Amino acid sequence: LVNQVVSQVIQAIRSRGGSFSSLERLGAGSYYERVKISEPNEFDIMLVMPVARLQLEECDDTGAFYYLTFKRNPKEKYLLKFLDEDGKLSAFKMLQALRDIIKQEVKNIKNVEVTVKRKKAGSPAITLQIKNPPAEISVDIILTLEVQQSWPPSTQDGLKIEQWLGRKVRGEFRNKSLYLVAKQNKKEKVLRGNTWRLSFSHIEKAMMNNHGSSKTCCESDGPKCCRKGCLKLLKYLLERLKMKYTKELEKFCSYHVKTAFFHACVMWPNDTDWHLGDLDHCFQKYLEYFLDCLQKSKLPHFFIPQYNLLSPEDKVSSNFLSRQINYELNNGFPIFQE
């Protein structure tokens, strides 16, 4: 159902010509990494737009958010109308334009009821609701620029996978394109909507799907490990806790858990560290590492080490989550039984 709707929308966007005619789709997020838990009712689809060259200017100290400008006379003339008064490529303007097109196009989808959800401030996604009685499916469409140029300096010391997946794989990953998503930087004093955030969804997906230090890990005839099992458990734990304490835990999302997971894979790089039969022990090690991150309010972004995903000003929520997890851990995870 999702594929049918998304294909129709993309075809319609392309057939209009103009700015968005070169869009390609990329499934990102948990469903496509095969670590989805609970119902498959949420999907992330990146609409990837190739751009020849951009100039990136860091807009804060995270190393994750950038202003984008073009070199003189860009090939992409059709993008010039999305520049703001300072000549920066406006994520807001581009999202707005894409959103308007999608709103018009979903009206032409006959065999299923699709609507575009109201815009959430600062969100990079255009969300489609697909009626699928008795439930609804939401599809987040994320506008993504793909630039064939080297990754910015802030990523230099990230992706420390040499011991886990090897130096060669790291080199291959770093040669892949750079992705930027239209994401508002919360730290900006005035929300002008012209910042873009680096995205590594394509690399994350590749690491998830080839996660072993040996090539055959979890292949049909190869030895099985419990890496993904551990990730799914912690994702499920966070999801359940968020349902119970929505307000207190609104700062947390599955990306925190996934980032901690990649760090754990680096700390315990061998397949023998993740024997399938040792799920409970491995999960506990991974959970203790995550608790340690919460306690120190420090979880470095896996690709941009200077970017801390747990800022000290969110210490109260970190402590709260830490208390809840400790309670579950010490009482045999009652929340899983509920």
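Using N, Cα and C of the backbone, Cβ positions are placed for all residues, glycine too.
As given in TrEMBL:
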DOMAIN    31-210  domain 'Mab-21-like nucleotidyltransferase'
DOMAIN    226-326  domain 'Mab-21-like HhH/H2TH-like'
Three-state composition of the domain 'Mab-21-like HhH/H2TH-like' (226-326), taking helix and strand from DSSP: 72 helix, 3 strand, 26 coil
Rounded mean pLDDT for the residues that make up the domain 'Mab-21-like HhH/H2TH-like' (226-326): 96
